[in-house]
Amino acid sequence: MTKDNEPIGKSSCFVCLMILIVGTIIQFSDESEFAVDKSKRGLTHVPNDLPLKTKVLDMSQNYISELRVSDVSFLSELKVLRLSHNRIQLLDLSVFKFNQDLEYLDLSHNQLQKISCYPVVSFRHLDLSFNDFKALPICKEFGNLSQLSFLGLSAMRLQRLDLLPVAHLHLSYILLDLRNYYVKENETESLQILNAKTLHLVFHPNSLFSIQVSISVNSLGCLQLTNIKLNDDNCQVFIHFLSELTRGPTLLNFTLNHMETTWKCLVRVFQYLWPKPVEYLNIYNLTIVESIHKEYFTYSKTTLKALKIEHITNQVFLYSQTALYTVFSEMNIMMLTISDTPFIHMLCPHAPSTFKFLNFTQNVFTDSIFEKCSTLVKLETLILRKNGLKDLFKVGLMTKDMPSLAILDVSWNSLESGRHEENCTWVESIVVLNLSSNVLTDSVFRCLPPRIKVLDLHSNKIKSIPKQVVKLEALQELNVAFNSLTDLPGCGSFSRLSVLIIDHNSVSHPSADFFQSCQKMKSVKAGNNPFHCTCELREFVKNIGQVSSEVVEGWPDSYKCDYPDSYRGIPLKDFHLSDLFCNITLLIVIIGATMLVLAVTVTSLCIYLDLPWYLRMVCQWTQTRRRARNVPLEELQRNLQFHAFISYSEHDSAWVKNELVPYLEKKGIQICLHERNFVPGKSIVENIINCIEKSYKSIFVLSPNFVQSEWCHYELYFAHHNLFHEGSNNLILILLEPIPQNSIPNKYHKLRALMTQRTYLEWPKEKSKHGLFWANIRAAFHIKLTLV
C-alpha cells in the first residue's frame, strides 16, 4: 500500500552510488556457480585452488599483505575482485595483466602507500580509498580507462592538477578520502575536478572541520560530505569551503552524513544554501550540541524543494521549543522530512504554507499535532508514522482544514476508534489512507473519509466488517491482512473494489459467492488463512480455481487446509469431497432407497424360502427345550402313565394314526388315545379327565374339523384347566390345517384365546420341512420320566 512518497531526487546521490556498485556486481551474480566467497577466513594469501572459471571473488576482511601475479593469473575470466579490509601495502597493477576481463576492483581499507602503474583498460569500478597514500594515487594510464565510472581515492595532500590524467573521463562517482588530510595553518591547497556527476568527500570523524582547500568542479550534480564537526567558531570555515563547490548551476543534490553542529551554525548553513541552486538537501545522523536559542532566518526566494533530516540527536536538554520548531515550520519549500528525532511537536505555519509533502516518521507527536491548523492549504501528503497518536477522531479533525490533502499515513501508532459517538470529520480530498499497525477495531469502518480509494488496515484488531457500514463507493484497494476476520468481505458496500489483501486472518469458510459479488476484482491475496476443508469450502475452491492466477495472488502455494487434521497442510487445489458425501438430501434418498430395495429383497427371499416358518419353528423348539429343563421335580414325581394324550377330530384320524402316533411311539413315547385307552363303563368326560391327568403332555391336533367337534373342545377345556391348576405348561398345539379366526364360534372362546396367546406347531405340506417339525415335537419330551 502507501509508502514514503518522497521524490527520488532527494537521495539521488546515494541512489547513484548504489546503482554503480550494485549494478556492476549484479551482472555477474546471476552465475552463482562462478562466484567464490573467501571473506572473513583469516587468510594471509589468495588460495591457489580456486576454480578456473571464477568470475566473482570476495577476499575481503582477511590478513592478506601482498598480491602477486601468480595469485590471480590463472583466473582469466575474473570480473569482480574484492580485497577490501586487508593489510596490503604495495600495489603493482601488473599483477592483473592476465585478467583482461577484470572490471571491478576494490582495494579500500588497506594500508596502501604506493602504487606501481601498468596499462589496464577494463576497469569500470576502481576503489583505492581509505588507504595511506600521501598524494592521490593517479597513474597516467588511468586516462585510458574509458569505461571507468567509479573512482575511489585517498590522500594526505592535494595538488590542483592531481586529477588531470582522468580529467577527460566522464566519471559518475568520485570518492575522496580526506580523513588524514593535513596542511599547515593558513596554508591553502586546491584541486580541480573537471567532469564528475557525484563527488563524495570523507573527513576525519573526530576532528573539527578545518580543511581549507579549494575544490572546483565543472559540472557537479550531487555533493556528499561525511563527518562534519562544527561549532560557532569554525562554522565560517565550512561555509567558505562550500562556496566553491556550490558555485555551479548544476548542483541539485547536497547530502551531509554524520554531522555534529551547534544550532546557530546549522541555521547559518541553511541560510547560506537557501539562495543556492541546490534543490534537495539531505542530512543523515545530525547531532545538535551546546545550546538552542532563537535564530533569525530570512526565507528568501529559494530553489530548494526538499529538506530531509533523518535521525537527530539533541544533546541540548533545556531550550525553547518554539525557537527550534519555528525554523522548520516557516520554511518556504515544498517537501520537509524530519524522521527518527525526539521532536514532540511541530508548529503550524503562521501564513499559508508552500508545503506539499510533510514526513514526520518516528517522532513523539501526540493528538494535538496541527490542531486547528488552517495554513497547510497546499499539503498533499502527510506522514505521521510511528508517533504517539491515539484518537482516530482527532486525526480526522486535524485534516478538515487541509483541503488539498490526498495521502495520509498514520500507521504504527496507538490509534483507537469508537471513543466518540458523533460522526468523524474528514477532509473529503483524502484518497489514500494508511491506518495499519494500530489497535483499531470493527468500528473504524464508521470513521473513514468518504472518498477513500486506497485503504490500509493491516495489523489491527478487526474481527468483522459491519454490514451497516457507510458505503465506500470509491474504494478500490483494501488491505486488512493480519487481523481476525473470519470471512471475505462482499462488495456490496465497496462497489469499485479491485484489490483485496486479506491474508493471515481467521478465514475458515470463505463465502462461495465472493467472486460473483466482486466482478471488478483484479487482485486477491487471501492465503495463509486457517481454511476448514469441509463440504462448505468446495464451492469456494471451485470458484477460485476458475479465476486467473494473476488475480489470485499466492495460489495455490499459500492456500492450504488447516482442519480437519487429516487434511492439514494439503493445498486447497488438491482437496476433494464427493457430491454424495456433502449432499445430505441426496445421501438420505440413496440410503432410504437402498434400505427399501434391501427390505424388498429380504422379504422376497423370506417368502420364497418360507423363512418365517423356519424361524417360528426354531423359536418354538428352543422355548420347548427351555420349558422342559425347568419342569419342577414334584411334577416329575407325579403318578403318570403316558407321555402324551392326543386329542383330534375323527376326520383327522388318518394323519394321527399314520403319521403322528407311529413316529412318537417309534421314539419311545407312550401315547394315550381315546379309542384304545378309554375305560369302558366310564363316562366320556371322566375318561378325558383321567387321560389328561395321567399324561405328561396333551397334544391337540387343530384343524377346521377340530373346531367343529364338541368333544375336542371338552378335551381342550380340561387340559387348559389342568394347565392353570398345576402351573405346568403341558399343552402342545399342532396346526394340521389353517383355521380362519372368523370360523371359530364365539362360544369356543378358550380355543380363540389359545390360538392368539400361545404358539403352535404347524404341519408343513413340504416333505423337506418335516424334519424340523419332528425335532420340535421331540424337544417337548426332552426330559426322561418314570412312568408307573
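Backbone N, Cα and C atoms are what each Cβ position is placed from, and that goes for glycine too.
Residue environment of CYS447 (disulfide bond) contains 21 other Cβ atoms, counted within 10 Å of its Cβ in all protein chains. Annotation comment: TrEMBL describes CYS424-CYS447 as disulfide bond.
Note on the domain 'TIR' (640-781): its mean pLDDT in the predicted model is 77. Here TrEMBL flags 640-781 as domain 'TIR'.
For 12-29 (among others), the entry in TrEMBL reads transmembrane segment.
If you look up TrEMBL, you'll see 584-609 (among others) marked as transmembrane segment.
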Within 10 Å of the Cβ of CYS424 (disulfide bond), how many other Cβ atoms can be counted across all chains shown?
17
